[in-house]
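Trainee: What Swiss-Prot records for this protein is below:
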- 13-33: transmembrane segment (TRANSMEM)
- 36-56: transmembrane segment (TRANSMEM)
- 80-100: transmembrane segment (TRANSMEM)
- 125-145: transmembrane segment (TRANSMEM)
- 154-174: transmembrane segment (TRANSMEM)
- 195-215: transmembrane segment (TRANSMEM)
- 237-257: transmembrane segment (TRANSMEM)
Amino acid sequence: MIRNPFHLVEYSPWPLTGSLGAMFLTVGLTSWFHNHGFITMLLGLFLVLMTMFQWWRDIIRESTFQGYHTMKVSLGMRMGMVLFITSEICFFFAFFWAYFHSSLAPNTDIGASWPPLHINPLNPFQIPLLNTAILLASGVTVTWAHHSLMGGNHAEATQSMVLTVILGGYFTLLQAEEYMEAPFSIADSVYGATFFVATGFHGLHVIIGSVFLLICLFRMLIHHFSTNHHFGFEAAAWYWHFVDVVWLILYTCIYWWGS
């Protein structure tokens with residue numbers, strides 16, 4: 001990438017390694033479900049993680065050390081992040097469509113009732129309600145970090161980011177415990193399938209968002225962000241707020257109404 005108002009990138013191997021990694025990971029994971037292909041899956045995972053690390057390292061170099069991220073470049077990245085979150089909204093919309101398609105007009109195969117016969121749904125006022133409070137609190141702390149960063153208060157920004165990462169990890173642990181104690185599985189009719197797919201993909205997004213925030217915390221500690229140049233943090237915060245909103249819809253529709 002050269003220094004000019006527009007986003008002109010240099011030659012990079014990472015799109016190629018990333019696409020190869022995605023292919024190997026998909027093929028390997030599909031094969032792993034049939035008891036083979038574990039090595040292919042590990043190779044794909046390694047390539048994806050390596051590409052993520054190296055590509056983000058290059059972007060950080062361009063923005064923090066070389067000063068290539070002008071206002072026009074930053075605007076383009078903001079538009080890209082907005083489009084990415086829009087695609088994620090469509091992704092989760094498909095799961096909610098599947099859920100309501102099955103729940104609003106239950107098939108006779110599941111007893112013409114929702115939840116299906118012999119399915120004991122989780123109590124929405126136990127772990128799910130605690131997880132809701134945790135994610136809402138994490139949304140407050142990440143906003144606190146953002147305002148502290150814009151105000152030049154490095155200590156408060158760091159402390160609030162630590163709290164956000166801890167809350168994200170705590171949510172993941174509680175979700176894993178909920179899965180282990182659930183009285184039904186993903187194989188228990190369309191209810192189990194839609195429940196675990198929707199909440200499982202949300203849990204994956206929480207893990208991804210926690211990794212984003214952890215990287216931002218590390219960059220805060222080495223003073224990569226300034227009061228007016230911190231889009232990496234803003235993108236992670238947008239993603240985290242998106243995860244919060246999806247969870248509120250999941251809790252309302254699947255845990256509370258669906259039970």
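Backbone N, Cα and C atoms are what each Cβ position is placed from, and that goes for glycine too.
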Trainee: Do any residues, 6 or more residues outside the transmembrane segment (36-56), come within under 8 Å Cβ-to-Cβ of it, and if so which ones?
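Mentor: Contacts of the transmembrane segment (36-56) (Cβ under 8 Å, skipping residues fewer than 6 from its ends): 12, 14, 17-18, 20-30, 215.
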Trainee: Same chain, outside the transmembrane segment (80-100) by at least 6, Cβ under 8 Å from its Cβ: which residues?
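Mentor: Contacts of the transmembrane segment (80-100) (Cβ under 8 Å, skipping residues fewer than 6 from its ends): 190, 194, 197-198, 201-202, 205, 235, 238-239, 242, 246, 249, 253-254, 258.
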